[in-house]
Structures are given as structure tokens and as C-alpha cells.
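These notes concern the structure reproduced below.
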Amino acid sequence: MAATELRGVVGPGPAAIAAPGGGGAGPPVVGGGGGGRGDAGPGSGAASGTVAAAAAGGQGPGAGGVAAAAGPAPTPPAGGSGSSGTGGSGSAREGWLFKWTNYIKGYQRRWFVLSNGLLSYYRSKAEMRHTCRGTINLATANITVEDSCNFIISNGGAQTYHLKASSEVERQRWVTALELAKAKAVKMLAESDESGDEESVSQTDKTELQNTLRTLSSKVEDLSTCNDLIAKHGTALQRSLSELESLKLPAESNEKIKQVNERATLFRITSNAMINACRDFLVLAQTHSKKWQKSLQYERDQRIRLEETLEQLAKQHNHLERAFRGATVLPAHTSGSAGSGKDQCCSGKGDMSDEDDENEFFDAPEIITMPENLGHKRTGSNISGASSDISLDEQYKHQLEETKKEKRTRIPYKPNYSLNLWSIMKNCIGKELSKIPMPVNFNEPLSMLQRLTEDLEYHELLDRAAKCENSLEQLCYVAAFTVSSYSTTVFRTSKPFNPLLGETFELDRLEENGYRSLCEQVSHHPPAAAHHAESKNGWTLRQEIKITSKFRGKYLSIMPLGTIHCIFHATGHHYTWKKVTTTVHNIIVGKLWIDQSGEIDIVNHKTGDKCNLKFVPYSYFSRDVARKVTGEVTDPSGKVHFALLGTWDEKMDCFKVQPVSGENGGDARQRGHEAEESRVMLWKRNPLPKNAENMYYFSELALTLNAWEGGTAPTDSRLRPDQRLMENGRWDEANAEKQRLEEKQRLSRKKREAEAMKATEDGTPYDPYKALWFERKKDPVTKELTHIYRGEYWECKEKQDWNSCPDIF
């Protein structure tokens, strides 16, 4: 064997197989430098030194081992006061920062560790082993810089860290590292989202599983090859050295040959050890691989059986419903007709069980075909040949010619598309629905920004509230406005489009109704939208809403997070409240129906007045009015002045509370009785437009929201092509366009992540994405970090200066 080939097998030359004893006593070197350049793997020299040390009775590492350990081991820099460094144990960064504790102690020095998308802190570095004082998940957190040294990390109210670094440079290093860690955490948390981050769940899971099995198989093959090569080269080395020893050489060379033979013996010992280790690992890996494959196949079979079982149950449920409707002689109640509370109460379950005839949502072996008769349908109602006199193209052309004054009163009817529902929904159970790509078949042709703007449909309630001199009466109208925002949801079972990052929507009704509104998608992970509306009638409404949703198999829960603010200019009364949970029932089988449940506390931060609204969840066993809402308006002392009663889909009434005197002259009960003569109707729902069931059950306002208007920002939802195509009935084209927009957004996100990573590596400042028309800062009333309108939008519109708008469509 040639000398170069021998070196390729053994290591980097004779030094790698030097005789033991050259090193002093000390621990054997298990790894390190000095690795070979051939098939022997990384560091035969180091391994030789290790085995030699063991064979020599615990002596120090051989020459190769010494060479590997000669350089000083790098030590992480210790963070000083307010400083930081790269920590070990997989941490991205760790060091001292000052954390705000309370007004007595102020800022206190704490040891912070940033690792795996989590920021944890301890009182000292020694505490890391046993006591963690707090941890915040960066995937759902927001990072805000206050000044040269201070910055804030908050996850929306539950946890907020006010931190201070020792210098501006240290602060920037921390913020950059945190932004990068957040980007990575978000990427891991949300591998797929509706706006197009990744592929569908089923395809992603399958690809990941195949890649894992392929990698394991490749590693097993590599180990098997390594095993064969080490045995082959070890035998060749021993044979070559034996031949060398048998040659007739001068006596002085015999000693060196003997020494080389000893070293070769050591290499053989090392090789045998490596061969044994490889063989053991190979056997173990093969054994576990078979177990994993068997377990995986079992789980696959179980999943298939469960899917088949659920499919059969869905069919049986559908047949039972058909049989029930065929057997009943009672007329079906239609919740679309406005009725009194008494009528609703009498209908009881009928509201939920019979309100939409022929509205099946079950899985069929191949496709689901929607029924013909009109009603509350999931994927659309049939279009008869005589229902429309003009084509979709002509309708679209007509809507482009509409002016602001002439609001449109119709949109193209919803087409009847077939959809294999179960193939999509079966992979969504337990998942965040906004992160799962869905076809437009599940959508309505409005974005979430436009749905948010629909809260202003009954803006006149705020106009009346602004004129109230009594703060308690004003609170009653604010409460009615809060309830009115849910009135359109009773029929709207389709989901809105998830806005793209930077997407906006304006609604200028200053001339007609005295208000104008602006929404912007300010965050993509988590998805969040900011909204600002102002009226010349004396009020301002603003909010930042994050929508989270979970599909539980039978129902879908939608949880809006965020605070809504309403400020009245004349009095300075500032009201805040949050939204309740929306639940969509019968996702897989049965008829879709929506319920609102939970409590809303409306607080007047100037006077201390409060209103507690209770949205009563629907129950099949309850005799109460469906969709019932009750409420009480109290002063700062807790005394009830008004009682509220109604339903969130019809109307709200107000009663002035008259206390009843007790035997001793005091109030016998705090609330007293609700005098019928004091009843005042605060709000009543407007009737739906004609043929609303064919137009996604849109209200009069909703029909106008996507109408084209000139002069809007290039990021306006009206200009979103997939949404426009869907509205005009071209769903196949809309799905293709949706994929294009998703890919474009995905590339933009990856570009920002690459820029953040490069900034971290270079140690340069990195400015994360910021909203264009809203600024993230602490709310002066709630102390929450939220996006507040910064201004300039309407000025830019007047000048038609949209140079700062991103290209998102």
C-alpha cells in the first residue's frame, strides 16, 4: 500500500499514531483535531491517542491527542452589568440586564438567557440550575424600543418585561438577537398559515415523515459502509506492516520496524473498538427502525379506520336528519325573519334545528354537492338561469362605474361549487385555523379588515351617545353598539380573507354619515389588524384585534384578542371593552349555526361607570330566548341604574331600575324591578337586502365594502385580485391567484428573516417590520402595547402620494 494511501487510512501521518507516553497524566482526549483525510473518519489520531492512553495504564493522550488539545478551549465571555454574551448549552444569548420590578425597588439586575425562542431570567447566574423567575415565549411577543437603553417585551398583557441595558450598543445587540430568535420561533410555531407560508398540513406531515425515514435509512447505510471500510483498511495496514517486517534490513532498522508494528497494533485496537461500536449502533438502529416502522404503520391504519368510521357516522347523521324532517309536520322556523323575543322563545330549539332546510354539511365518498333550495348554505346557493340578467363581466364593469354617492345594492350571486370537504377538514382538528391554507370555497369576498369595519354599521348609536349628558345613559348606547356588531354574524358562516401584511382598507363616509375609517394589517405572526375611525359627530373608535381560532372537530372556536376604545370628544369619556368568543357549530355534520358566548365589561375610565354584558350560550335544553344578552349599568359604587335585555341578532332594550324600599326604609334588593313603562329600545337590526341568501347574507353596508373606489391606497383590500375574482364567481382563478399572493408574501418574509440574520451576524442594527399608518406604543389608559393611528393617511390620499406603500398584490 502506498504511503499516501496509508496516511489516508490512518490519519495525518506518523504523529497521529505516535507511541504512548509522550503526554503527561491527564484525561484522555475523546475528540478534537488531527482528523484523518481519508475514509477513516474524523480524527483517527485522536482516537489512537485515546486507546494508547488506556493501554498504557491511564497515561496522557498520545501525540495526536496532544495535538488536538493543544489549543486553548474557547470560553464564552461573561456578561457584566448590563452586558451580554453568547452563552453555552445551546443558548443564543445570555447576560445581565436591568429589569423593572416595582416603584419601590425600581430596576434590578437580573441574569437573562435567550434560548430556543424563550427569554428567561434569574436573579443570578447560579440560579439557572434550580429557579427560573420568569419566561416569555418570543413567538407571540412584541419587542419595542423605548429609548437608547430601554426596551419592552410583551405578549399582549399577561407578561410584560421593561428592560434596560448598560449602553445603546448592548441594547441593540439584545434587540437584534431577540428579533432573530422571534423570527425563528415563529417559523417553527407556524409552519403553515392561510396567507401562504407553507403547504397544507397533510402534505407537510407526509413530506416530513418521508424525509425522516430517508435520513435514517441513509445514516444506517453510512454506518454499514464505515464498518466495512474500517475492517478493510485495518486488515490492509496489518498486512503491509507484516510484509515490511519480513524484509532483510540493517539491524538498526529492526528496532524502528518493531516500533511501527507496535503502533499498528494500537491502531488495530482502535479500529476494533470503532468496528464494535459501529456494529452495535448498526444493530440498535436497525432494531429501532423496524419498531418505528411497525408503530408508524399501526398509527396509519388506526387513522384510516377512524376516518372511515367518522365518514360513516356523518352519513348516518345526515340520513337521520332527513328522516326527522320527513316525519315532522311542523313548519320550519326561519331565523332570518325578524321576530319578537316572545316568538324566538317559543321556537326554542327550532331556531337551531330547523332554520335552514336542506343545509347539509356532511362528507360524501367523492364530493359534496350543495342542495338547490335557497337557505343558509355553506358553499353557496344555486343560481338559476333567470336569476341574473347580466354576466359576471358586465356586473364587474358596472360596479367599477359606480360612484361614491350611488352605493351598490347587489353583488354577483354566489356560485354552486362542489368541494371535497372532508379531505381538508380532517387535518385541521386541534389546529390554529388561520395557519392552514384553505381554498376560497370557504371564504366570503371580504377581508378581515372589511369585516372589522362592519362594526360601524350602527354608528348612529355612537352619534346618539355623544349627545347624552348623563354618562350612565351614554354607557347604555355604547353597550348597544357593542352588541350590534354581532348582528350580522348569525348568518355569516363563511370566513373572511386573511389580510396580507401591510394590507389596508379605508371607508370614507364623512359626507354621508359623518365618519371615516382606516384598517391596516400590522402583524402577520400573530395576525393582527389595527382599526381607527373618527366622526365629526364627536367620537373616535380604535382597536387592535388578533384573531385566534381552533378547530375541535365538531365546532370551531374563534377568540378575538385585543381591547376596543371609544372616546367622546366633548366629555372626554373613554370606554374600553373586549369581544366575546364566537363558536361555529356542526362543522362536519349537520347544519352550520353560530353562537356568541361570554361576558363583556365596558368601563368608563373617566367616571368609573361600568356595564357588564352576558352573552348566554345556546342550549338545546334551555327554554330561554335564543341568543339572549343581559346587562347591568352600574355607577362607581356598584349601584345598578339600568338593566339591558335583548338578543345579539335582533335588538336591545333598556330599563331604568326602580329600587324597592324594604321594611327599614332601605333597598330591599339592589336591582329592584324592571318597570315596563321605562323600556326604551336602544337598537334594532336592519333587515337584510333582498336575495341576501344568494349574496353571502351580506348586509347593506357589507355589499358596498368591496365596491371599487378610485384614489385608494394601492394596498387597499378592494384591489386584492383573488378576492375580486372570487366575488365575480371565478373561484378557480381566485384559488390560483391566492397561491401567487401566498408565494409572494412567503418570499418577502424569508427576505426579512435573512436580513435579520445577517444583521445579527454582522452586529449591525436591524429595523423590524413596522406598520405604515399605525405606531406601536403604550396605551395611556390600559397601559397595553397597541397600535395607534399615527395620522397622514388622509393627507396622502388627498395628494395621491402613495410612494411609501409596499407592493403586496
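Glycine residues also receive a Cβ, built from the backbone N, Cα and C atoms like all the rest.
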From 63-91, 382-410, the residue range that Swiss-Prot assigns the feature region 'Disordered': 63-91
Correct range for motif 'FFAT' (source Swiss-Prot, candidates 360-366, 675-681, 731-737): 360-366
GLN316 (20-hydroxycholesterol binding site) versus SER242 (phosphoserine) - Cα distance in angstrom: 81
The domain 'PH' (90-183) [mean pLDDT, rounded to integer]: 85
DSSP helix/strand/coil residue counts for the domain 'PH' (90-183): 24 helix, 43 strand, 27 coil
GLN316 (20-hydroxycholesterol binding site): secondary structure state under DSSP, collapsed to three categories: helix
Sequence-distant neighbours of GLN316 (20-hydroxycholesterol binding site) in its chain (C-beta under 8 A, six or more apart): none
SER242 (phosphoserine): tally of other CB atoms within 10 A of its CB: 11
